[in-house]
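**Q** Submitted below is the structure of interest, expressed as structure tokens.
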Amino acid sequence: MPQHIVVIGAGVIGLSSALLLQEAGHAVTLLARDFPAPFETIDPVAQINYTSPWGGAHNRWVPPTAAGEGAREHVFALVTFARMKALAETAPAAGITFLKGVEYLESPGDEYRVLGEREALRMGMEGFRILKAEEFPDDRVKWGCEYLTWCVNPMVYCAFLLRRFALAGGRVVKGEVRAAVEAFAFSGLGDGGVVDAVVNASGVGFGDDNVFITRGQTCLVAEPCDATVTRQNADGSWTFSVPRGFDGGTVIGGTKEPDNWDARPSAAVRGQLLERFVATYPKILGGKEKLTVVRDIVGRRPTRKGGLRLEGEVVQAGRFVMHAYGLGGRGFELSWGVAEGVVDGVRRYFSDRGEAKL
């Protein structure tokens, strides 16, 4: 019988991991409090901690600054890029759009200043081109580039992943646990209903002192945008667009506020976000005087000091938990790379125990 694995969390990391564990031959149960649902039915305040459906789900090529975490995340981004490209070609209903990405930096770090087109292409950044000064929106921008990238409509995409998981025989359980070890009490698929391992893709990490929330406010507008545009301002703030495709409008953002738990959106902040983006990329107006606001979005991204936790842990009574959380705002762009790491960690655990899938 295949080993039975419970994945905690139905965000993009949990969904991706559950699918790859299925592909590896495991019986998988997906356990979560919140699941993907249609846009019209979701209360963003009630699900403020379930950020995947509301995420600015796109890929930004970030040059790895050194070996270690930066290099590992770049590899994960490349893995995800390849899988997104394959899905876009074979599963149009997944909600993935390939388009141009544009970066404007007012105060570029050395990792950007030294980045040449040949080196970027060697690192897998398809279509990478350094912009000329006359292509900048204003003289405060000191460096810019464009490249080929992807965006997803996260509600369409997450629902697609969940549907694919269920149709492949995955079990879906709506429930809540306060610690990863509690998931071992869930019976169902697998060898005699026994839970052989748990994947902790909860986002919050269950008491990990290094985890904190980062509040983000964005605004969904009805207008489409032909590129995902990111501007890093000299004061540390951000201006960006993430097109959702599939008639999903465009997310305009955004703020990053560590340890701010306020669930209420600010109308003043919304005005600033829209004004700054229109000034940077007026093309989005399409001849109109102003953007059409659909909804303010506030989300709490689980962020972790020290970055992603992707490691196995043997807990009570020799039980195995594979942790996969702490990605902050990079969940979508690293998702398939992290999921491959989850599968590899689970495989090594069973291999060390001398267990093989039957």
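Glycine too: its Cβ is placed from the backbone N, Cα and C atoms.
Pasting the feature list from TrEMBL:
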SIGNAL    1-18  signal peptide
DOMAIN    5-343  domain 'FAD dependent oxidoreductase'
BINDING   Thr51, Ser52, Val181  FAD binding site
BINDING   Arg301, Gly329  D-dopa binding site
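Provide an account of the burial state, proximal residues and distances for the features listed.
**A** Non-local contacts of Thr51 (FAD binding site) by the CB criterion (under 8 A, 6+ apart in sequence, same chain) comprise Gly11, Gly203, Gly299, Arg300, Arg301, Pro302, Gly331. Under the DSSP three-state reduction, Thr51 (FAD binding site) is assigned to coil, being neither helix nor strand.
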**Q** For Gly329 (D-dopa binding site) and Val181 (FAD binding site), what Cα-Cα distance in Å is obtained after rounding to a whole number?
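**A** On Cα coordinates alone, these residues lie 26 Å apart.
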**Q** I'd like the number of other C-beta atoms within 10 A of the C-beta of Ser52 (FAD binding site), please.
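**A** Result for Ser52 (FAD binding site): 26 other Cβ atoms within 10 Å.
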**Q** Check each residue in the chain of Val181 (FAD binding site) that is at least six apart in sequence and keep those whose C-beta is under 8 Å from its C-beta; list them in sequence order.
**A** Val198, Val315, Gln316, Arg319, Val321
**Q** Within 10 angstroms of the C-beta of Gly329 (D-dopa binding site), what count of other C-beta atoms is obtained when all protein chains are considered?
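**A** Excluding its own Cβ, the number within 10 Å is 19.
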**Q** Please average pLDDT over the domain 'FAD dependent oxidoreductase' (5-343) for the predicted structure.
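**A** Across the domain 'FAD dependent oxidoreductase' (5-343), the average pLDDT comes out at 93.
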**Q** Is Gly329 (D-dopa binding site) helix, strand or coil when read with DSSP?
**A** coil
